[in-house]
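Student: Have a look at this one.
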Amino acid sequence: MALRSLVSRKTLGLASSGLKLQFRGLQTFSLPDLPYDYGALEPAISGEIMQLHHQKHHQTYITNYNKALEQLHHAMEKGDSSAVVKLQSAIKFNGGGHVNHSIFWKNLAPAREGGGEPPHGNLGWAIDEDFGSLESLIQKMSAEGAAVQGSGWVWLGLDKESKKLVIETTANQDPLVTLGPLVPLLGIDVWEHAYYLQYKNVRPDYLKNIWKVVNWKYAGEVYDKERA
Amino acid sequence: MVAAAAATAANPLACSLFPSKGLRGTASGLQWTKRQCTRKTGPLTVTAKFELKPPPYPMDALEPHMSKETFEYHWGKHHRAYVNNLNKQIEGTGLDDMSLDDVVLVTYNKGDPLPAFNNAAQAWNHDFFWESMKPGGGGKPPGELLQLIERDFGSFDEFVQEFKSAAATQFGSGWAWLVYKANRLDVGNAENPCPSEEDKKLVVVKSPNAVNPLIWDYYPLLTIDVWEHAYYLDFQNRRPDYISTFMEKLVSWDAVSARLEVAKARAAEREIEEARKKKEEEEKNFTDKNPPEIFIDGVADDSESD
């Protein structure tokens, strides 16, 4: 069993990203560290928001995801199909919350560490080709993010089939992959918890300022990897 | 005492908070009841747009359980934006002289919502939410409402658990509701073979984003807003604390009781109306199948006289 744990850690390469292995190989997840301080994205996003968002919201998704996975494990062991099916919505919501937030933290960077710096290289060219310019991509993504009803996300993704960049929105914590063969390059959280303490009801202002701390370098790396 | 409170509260609630009866089934179209808030200005009758109604208590009246700041944003910004955007969307569309209830139902468009649905339903939901609370609320519901809750949920505590759980587990933005369900089979030729008073019961439901139980043909009695903007300034991520505070300190059981009275009366009226229509239909069918003899005699007479 110890061997199995060791092997899956190694092969999955997740040892450092907070993956833990519990009894009988059941994986549980823990909160990944932020690659910057809570206050480092100010004034675009306040330290208070970042701390609550990371320590409370993301942590809660992880806690409930682990709970649901454990219940799933037991339900599968017992061959209880209706329990397995019933768990799907909790897994999608909480697992999606974990997936999305893990991407989101990497999508942001303090201005002094390159946050907001326009994408160079292949992604920069692809944006010009598919959207005309970075400005028009930003405008379109901001508009679509502002129009999301209730809670959700707006994404810049790479369509693996057409090799084109696409802008999509997902409801609640649905990850981008629920829409098709799309790789998320940049996700912006438009849940109220992502901006309310600072921007209150004015979501468009949040969507205007967040571009000052977008980590295009990370998005470019994912793009290069997927296009390679 | 309670009955008196219910009776006085019933009228204003009745005007705006329930769908006008008979909306379903009027397939022939726009026979919607017009809103009562038209006003005369000189020779012209101007139909007022939907107005942002002030909450039934001052903005700071729910302190410390719901802060004045939350209220100022929630009512003053969010609710106002829903109403303003709705008015812009429906101007000149023919929706602008319906009641808000009807706009909600019409724009829901049988599950394929029109653009105005979100704003219409959110305008409705917030009106209903403000009136679901009162300063010094909470506690236990009065008399008959409590009996029904105990009948349908086992006990008041079990109801509270179910309501709290619905509110806490609504994924993302939305609402949790206590509704009165009149449980009619609403499918053309289907009929409930053994209808009884027990068919009508209290049920807890939750709904995503703007959706409200009018679209399921339920009578809403109580709601809690679980969009994050409803509690984030006061409770941040602690939605369960907000829900407990709402139940323990804010719920206006008087309003819920009054709505129940109206809902029961509406459901009864509707039953009578439906029974009358059904009887008419049957009589019509009978007449169609069995034309009166006098008609035949008449024809016979005519032919003879020719």
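The backbone N, Cα and C atoms fix where each Cβ goes, glycine too.
In TrEMBL, annotation is done automatically, which means it is predicted and not curated.
What TrEMBL lists as Mn(2+) binding site is A:H53, A:H101, A:D189, A:H193. Feature annotation from TrEMBL assigns domain 'Manganese/iron superoxide dismutase N-terminal' to A:28-109. Residues or ranges marked as domain 'Manganese/iron superoxide dismutase C-terminal' by TrEMBL: A:120-219.
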Student: Report, in sequence order, every one of the binding-site residues (A:H101, A:D189, A:H193) having a CB within less than 8 angstroms of a CB belonging to chain B; if no such residue exists, report 'none'.
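Tutor: In terms of proximity to chain B, the binding-site residues that count are A:H193, given in sequence order.
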Student: Neighbours of the Mn(2+) site A:H53, A:H101, A:D189, A:H193: Cβ within 8 Å of the Cβ centroid, same chain, sequence order.
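Tutor: Near the Mn(2+) site, the remaining chain residues are A:H54, A:H57, A:H58, A:F104, A:W191, A:A194.
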Student: Would you please pick out, from the binding-site residues A:H53, A:H101, A:H193, the one with the fewest other Cβ atoms within 10 Å of its Cβ?
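Tutor: A:H193, out of the binding-site residues A:H53, A:H101, A:H193, has the fewest neighbouring Cβ atoms within 10 Å.
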Student: Test of understanding: give the count of other CB atoms lying within 10 angstroms of the CB of A:D189 (Mn(2+) binding site).
Tutor: 25
Student: For the domain 'Manganese/iron superoxide dismutase N-terminal' (A:28-109), jot down how many residues DSSP puts in helix, in strand and in coil.
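Tutor: So the domain 'Manganese/iron superoxide dismutase N-terminal' (A:28-109) is made up of 62 helix, 3 strand, 17 coil.
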